[in-house]
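Asks: Right, I'll just put the structure down here and ask away after.
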Amino acid sequence: MLTITTILEVMSTSANLPEAEHSGLLKFLSAAFYAVSSFLIIVVNKTILTNYRFPSYMFLGIGQMATTIIILYAAKINQTVHFQDFDRSIFIKIFPLPLLYVGNHITGLAGTKKLSLPMFTVLRKFTILMTMIMEARILKKKIPNRLIYSVLAIVFGALVAASSDLAFDAEGYTFILLNDVFTAASGVYTKKKLGTEGLGKYGILFYNAFIIFIPTLLASAFTGDLYKAITYEHWLNTPFVSCFLMSCIMGFVLMYSIVLCSHYNSALTTTVVGAIKNVAVAYIGMFLGGDYLFSWTNFLGLNICISGGLVYSYLTFHSSSKPSQCNGSRIQKNQDQLKIPIMEDSTDRLLVK
């Protein structure tokens, strides 16, 4: 497990640099890492929950939290990674991320059961809009108009894709829209907390899992979910156990990839990458899934979605390479400009005296 963390640590060697100094290559690689991790965990979880009919989503989440805690604690002991030791200030520093994580998990599962896949996909796209709004309000970030237009194209494409399936379910809509809020807020606050002293990427991952592990375990026990998981009949089945352990490890990798992508990019870019991945999965499902019902309306909407996502990706990753090329000259220029005002200020003060 430590080798995983070591490799990821090497990948993030420039983590202490300001966001503007991150190269386009690092931004692209972190986004691609997140997309691949997200896709792989979908495949593994689908196998566990569908093929093996494992009865508990919650217990699978508990396994992923436990794995994250064990890997990062072992890495911290071996001084492979570094983050602040636990004290009372941790709760203040990491708040409200644990609450957002739990809210995201609960509303996501509840909404999935209530809505059809097309409407679920459409309503989830509103996460992108909410993330964009929260970035502007909470992080005070100015988003270029060309990125706003590409985001609107993604949402519009999702609306077109699901326009043939508009069965209204008030409870389902409420859960998914709340899920959008929790997801957007979690992404934005993760980006904000990355700059918190003593936490960093690994501290956020460790303490987020650590704080919500016991409450989630108790909730699982009280609802009977834990009993169903423990009494599951295939715990001695080697292929199932291998898939379960793979899901636990991939849960850690996915959470790390989200934090890493948010660090090198923006919370909005991380959300858009997730949306592009979902559309790509839908494309794959057309040919491999066997349960996709083709319609020209849905196909047109998916193409609008992927087009908006590709335009957003091009504008984000292509433009980010330009500042890095002339970054050294800009820093030197800024330093030269700063020298004069400082000297003038000192001279003025001397003259006043």
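Keep in mind that glycine also has a Cβ here, set from the backbone N, Cα and C atoms.
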Asks: Look up transmembrane segment in TrEMBL and report which of 96-117, 294-315 it refers to.
Replies: 294-315
Asks: Cβ under 8 Å, sequence separation of at least 6 from the ends of the transmembrane segment (235-260): give me the contacting residues as numbers and ranges.
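Replies: Residues 1, 4, 8, 11-12, 30, 33-34, 37-38, 40-41, 44-45, 47-48, 52, 54, 60-61, 63-68, 71, 187, 190, 194, 201, 204-205, 208-209, 270.
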